[in-house]
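Here is what TrEMBL records for this protein:
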- 107-181: domain 'Cation-transporting P-type ATPase N-terminal' (DOMAIN)
- 153-181: transmembrane segment (TRANSMEM)
- 193-212: transmembrane segment (TRANSMEM)
- 348-368: transmembrane segment (TRANSMEM)
- 395-424: transmembrane segment (TRANSMEM)
- 815-833: transmembrane segment (TRANSMEM)
- 839-858: transmembrane segment (TRANSMEM)
- 952-971: transmembrane segment (TRANSMEM)
- 983-1005: transmembrane segment (TRANSMEM)
Amino acid sequence: MKDLKDYDYNALLLNLTTSSLNKAQRRWRIAYAAIYSVRAMLSLVKEIIPGRIDPKAPDASFSLSYTALESGDGAKINSMPLSYVPDIDQERLVEIMKAKDLPGIRGLGGVEGVAASLRTNATKGIHGNEQEVSRRRDLFGSNTYHKPPPKGLLFFVCEAFKDTTILILLACATLSLGFGIKEHGIKEGWYEGGSIFVAVFLVIVVSALSNFRQERQFDKLSKISNNIKVEVLRDSRRQHISIFDVVVGDIVFLKIGDQIPADGLFLDGHSLMVDESSMTGESDHLEVDHKNNPFLFSGTKIVDGFAQMLVVSVGMSTTWGQTMSSINQDSSERTPLQVRLDTLTSTIGKAGLTVAALVLVVLLVRYFTGNTEDKLGQREYNGSKTPVDTIINSIVRIVAVAVTIVVVAIPEGLPLAVTLTLAYSMKRMMSDQAMVRKLSACETMGSATVICTDKTGTLTLNEMKVTKFWLGQESIHEDSTKMISSDVLDLLYQGTGLNTTGSVCGSDSGPTPEFSGSPTEKALLSWTVLNLGMDMESVKHKHDVLRVETFKSAKKRSGVLIRRKSDNTVHVHWKGAAEMVLAMCSYYYTSNGSVDLMDVTARNTIQAIIQGMAASSLRCIAFAHKVSSNDSGLEEDGLTLMGIVGLKDPCRPGVSKAVETCKLAGVTIKMITGDNVFTAKAIAFECGILDHNDKEEEEAVVEGVQFRNYTDEERMQKVEKIRVMARSSPSDKLLMVKCLRLKGHVVAVTGDGTNDAPALKEADIGLSMGIQGTEVAKESSDIVILDDNFTSVATVLKWGRCVYNNIQKFIQFQLTVNVAALVINFIAAISAGEVPLTAVQLLWVNLIMDTLGALALATERPTNELLKRKPVGRTEALITNVMWRNLLVQSLYQIAILLILQFKGMSIFNVRKEVKNTLIFNTFVLCQVFNEFNAREMEKKNVFKGLQRNRLFIGIIAITIVLQVIMVEFLKKFADTVRLNGWQWGTCIAIASLSWPIGFFTKFIPVSETPFLSYFKNPKSLFKGSRSPSLKKP
């Protein structure tokens, strides 16, 4: 290449315009000149600001990258240095990734060439400082995708206007306003129509605000659930960051069960298999390697192996990002309880519609037959003498009353109450270390009868430490490790240092290195490095890894095939569950390095050693080795046992209390673990799952293979007695869940591995682990336990029951108002030809009952008493006999009082009609206020317990009372009320307050166990004392 200083740029530019060149040649000459011009300018920069780039920087070798272009006639333009800013055409790289263009990657210098262009050091990663990360984010974009904006408040206001009853009321209000202004003038004529407008407006605003609030809540929860933690390499250190913080150039560590966080290229790893079904729809798993298929795509899942990935595109540049940007998160998921309530709402609505139709007919007939009077006591309809405007205005008023009855009758607050209590519970459960992914799980968890839980990390701390080490038949103590032969020690280094998914790196805080990986891997590496003196980097440099078989739950072991560089020998290493590895061994090492035959006596002795450690609740891991004659696969027999370690994983504090709490709540706890039967039993006794006084201990503990081999009949017969299943596989867990559900149980299952996904999906409630759980497990679950703690599972159970209980409280409260309002209006309309409550008053009652009532009762916090009840199960009636008793007694009391006031109120209180109607309205509203306290407890007589802790309830009651005073005392024309004196207010409060003693004594009335509504389906059951047969599982 000519020196730049000697190059004649004038001649070059002259040649560019030479007419003898064709179009393609001219294009390449221009490109050629442009590239040299860039190089010349960079040379000037180097001369002006020399030494600005630190040559000692960790990635100085990548400060310049090179690009090769080929001219039109095939002559290669020489490589040239470009800027230290990552020099790569991002759009071109994105296209290569989408097309899986392997030649395109090779043209960029392979994966290593791409890494160099992105200034990524393959062994140290990128700089982790904020400036570097921000620069990459600015250059290549952030790892987020554009979502359709969340629905605004105006959207929900428009949705509320689509309600048919609201539209009819608005039409009536418009007509009433028009006729009122025409008849009485603008000053006096707007009150009736205007007041209906204001009342309807209040209902719409409150409804829209509630729905808008829930939309925002779901949006926040969606962001939290999508915030996956990813392990990356930055500044030579493995660290966990948010998926949203991943940038182009990052090196990401991937293992089984991980979701790939961005598009990237395979940098290093073994046996990597990827599930791309979420992207392509194909169920076959693809093998990804460095040579033939290095492409990894965002949103796909790792199903086998492990790898390091170079991130090449993020966010909207990925295929997954472009797909997800067009999908809006649906927060309108209907839970089973909401579906049941929709049916209930529809049934009550039909009853209300029937009553409203009858009231409409009766009022119209009475009006046109001259049986109604106006406020002055004069006959309203006088045939042809009555003006048309007056007739239409009267009809509009009658229709408005009928429609308002429908509005009050339809308990639209039921779905709102469910949404409020679910959203409130979801928010509170987050602070209690549980993230709800599916709404239905909140309510279903309250019905759980069985919880199938893992051991490691859920019942235990998952903080492993090697406490025992046996070499053959010899116990090796910490102070006697120097006695171990150097040959055996070297093999142990290979077995732990190369057959691992963990890593060792230096620490800034001190001489002790940092260990990463699973708790088991960290414990083994820590023991080998700190106790046995292993140098991880030295071991890696002395060996080449040929093949890797990653740990699988079915085999409970992992293996590696390596070649030692010093003598070119091939070695097989296996590590895993002690009895599984022992079964593969024919020999064993002694501490002096000799190899002894594994005869029957030696095998029995070693098995006894394993059982002894397991009985002490130690997890037993064995190491085996063999010199192999081929490098094509990992041999699984004729191995030599190197040693057995015992890892202690203590039980979590408070787990035994949580297990006891669940038992008292009528929920059975079953432990399903991959550990051997002795370790499983020891932990089960320690946690309280098994009792030393249990006479059925033999039937309570089984191994997975034993459970698997039962006949269907045996399995169904024994499944309820089993408390512990050891050495189980994920398929055994799935089988147990299916059996329990067939027996009619509501089953909750905990899981953390990819293979747990089928059981998590099959269960009624899937609980995945937030720390140790894979992304596949989390996606398959309904609730994520953020701290992996069983105590949090017990808390979720309590919250589930709270949700169900709060909904029942609100149903009882609302149905009381429904029944009372419908009966009063119906009887008054038929007998007196008028309804005591106007349209505005009924809309106000509707607001108290639906929205404010839902807020007050749906936000009650869970109490420990909830866990002293039996689980609801599948077949329990939503409206229990206790609820029917409470609501019918309160409804009858309200109906009786209001009908007395309707027909005898004027004579009893010696007041005019307007005052009587105000007394009816005021008493009816105050009855609901007092009854709201009764609804807090359905069975307990003390309804004030814990009231001081629920400030929202107290606040809503206070707001309701203040607004009621304003309605009666100040909004007289708006609410069609008159002022009441102190004695009249006292009378209304006294009548309403009787709801408390009535509610107290009502709870002494015994109720039958037979569901109340079943009497109407089967009248014969009225004369039977036995319980009705339980419903079959749907």
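Just so it is clear, glycine is given a Cβ too, placed from its N, Cα and C backbone atoms.
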Long-range Cβ neighbours of the transmembrane segment (193-212) (under 8 Å; 6 or more residues past either end): 151-153, 156-157, 159-161, 166, 169-170, 172-181, 400, 412, 416, 419-420, 839-840, 843-844, 846-847, 851, 971, 973-976
Stretch of maximal Cβ-Cβ contact with the transmembrane segment (815-833) [cut-off: under 8 Å; candidates 348-368, 839-858, 952-971]: 348-368
Residues from the same chain, set at least six apart from the ends of the transmembrane segment (348-368), whose C-beta lies under 8 A from its own: 380-381, 394-395, 398-399, 401-403, 405-406, 408-411, 815, 818, 822, 825-826, 829-830, 833-835
Rounded mean pLDDT for the residues that make up the domain 'Cation-transporting P-type ATPase N-terminal' (107-181): 82
Number of helical, extended and coil residues in the domain 'Cation-transporting P-type ATPase N-terminal' (107-181), per DSSP: 47 helix, 3 strand, 25 coil
